[in-house]
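Q: Among the features that TrEMBL reports, Fe cation binding site is placed at 356, 359, 370, 373. The feature domain 'LapB rubredoxin metal binding' is assigned by TrEMBL to 354-378. If you look up TrEMBL, you'll see 24-390 marked as topological domain 'Cytoplasmic'. The annotation transmembrane segment is assigned in TrEMBL to 6-23.
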Ligand SMILES: [Zn+2]
């Protein structure tokens with residue numbers, strides 16, 4: 001007992017005392033901060049924390065009304081309204097901000113930019129475009145151009161999209177893939193109007209931007225084919241193999257048509273068989289099966305799909321084998337086989353669609369420009385495959 005260090009009895013209270021003092025100082029500091037803010041702020045904050053966004057907005061709108069000097073709060077509210085999809089309120093808030101005489105130049109530009117974004121979200125593209133164009137020579141120029149690029153793509157105004165992307169181009173982003181695609185879009189428009197020469201000019205411009213643009217080469221081949229120059233078409237298409245072999249599936253049927261037109265149909269079939277051997281994922285199984293059936297008969301077609309299934313077992317491959325087997329099966333087995341075939345078709349329906357590798361949007365037709373997320377070249381040219389680089 002005599003070993004007990006009595007000096008602790010003095011030191012401990014001193015420590016507690018210091019802690020109490022520190023806490024007091026902190027609380028005093030917080031209290032003095034609090035008194036400088038309107039109590040309604042905290043009321044609003046409380047609503048936000050409880051997930052009662054509507055009430056929070058009402059409180060903040062009220063503060064904004066009574067404290068006209070709170071420019072930042074009006075910006076925040078505008079932003080909040082837009083995020084919640086209350087576009088009319090967002091637009092009104094930003095328009096009111098723009099009417100103020102006491103805004104600095106930067107604040108005015110910021111309000112104009114935010115208003116343009118409201119219009120964009122509301123689908124009022126022409127009004128957004130006007131506001132964004134006015135911001136060209138300000139600190140917001142780059143951000144405005146970025147939004148304008150989105151507007152022009154939405155409106156399919158590819159010429160303006162090209163000009164804007166060229167203005168945006170810098171060391172960090174070349175936009176060469178996008179610009180090449182914009183030229184391809186213009187080429188498709190011209191092609192649809194039978195303006196072959198204009199289409200060709202755009203495709204050459206696309207290739208000048210991006211030498212690896214598979215879409216431009218595929219389209220150039222189609223123009224050659226349309227003019228009856230089948231060998232040139234074949235050469236252009238086969239040139240795609242070195243950069244994006246799987247994209248050949250998109251024109252495989254046309255490729256065979258050109259071989260047929262030259263009286264070299266068998267050569268076309270052999271070419272597809274060779275490509276399939278090299279790129280097992282090449283999406284031409286149905287086409288080659290159909291082709292072999294027509295040229296060499298059922299046995300050759302059946303043998304082909306069986307070999308394919310053995311080398312690369314896939315559900316679509318299995319479905320094809322069953323389809324061929326059904327044709328040679330004895331009558332008493334056909335009923336069951338047909339049921340299996342139906343179930344298999346049902347189960348593999350998802351694998352007959354193209355998938356955007358960015359947003360997952362699925363479509364029956366192939367897209368170079370995703371209609372859902374507006375990204376370019378995100379669809380693998382293989383049905384059922386969800387990742388472009390897999
Ligand atoms: Zn997408």
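Each Cβ is built from the backbone N, Cα and C atoms, and glycine gets one as well.
Just so you know, TrEMBL annotations are computer predictions that nobody has curated.
Describe the structural surroundings of these features, if you would.
A: Residue 356 (Fe cation binding site) has a Cβ environment of 21 other Cβ atoms inside 10 Å. According to its DSSP assignment, residue 356 (Fe cation binding site) is coil.
Looking at the domain 'LapB rubredoxin metal binding' (354-378) alone, the prediction's average pLDDT is 94.
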Q: Tell me which of the binding-site residues 359, 370, 373 sits in the most Cβ-dense spot, judged by other Cβ atoms within 10 Å.
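A: Its Cβ has the most other Cβ atoms within 10 Å: 370.
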Q: Going along the chain, which residues at least six beyond the ends of the domain 'LapB rubredoxin metal binding' (354-378) come within the CB cut-off of under 8 Å?
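A: Apart from its flanks, the domain 'LapB rubredoxin metal binding' (354-378) reaches 150, 153-154, 177-178, 181, 184-185, 215, 250, 384-389.
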Q: Show, in sequence order, which residues other than 356, 359, 370, 373 on the same chain lie with their Cβ within 8 Å of the centre of the Cβ atoms of the Fe cation site.
A: 357, 358, 360, 361, 371, 372, 374, 375, 378
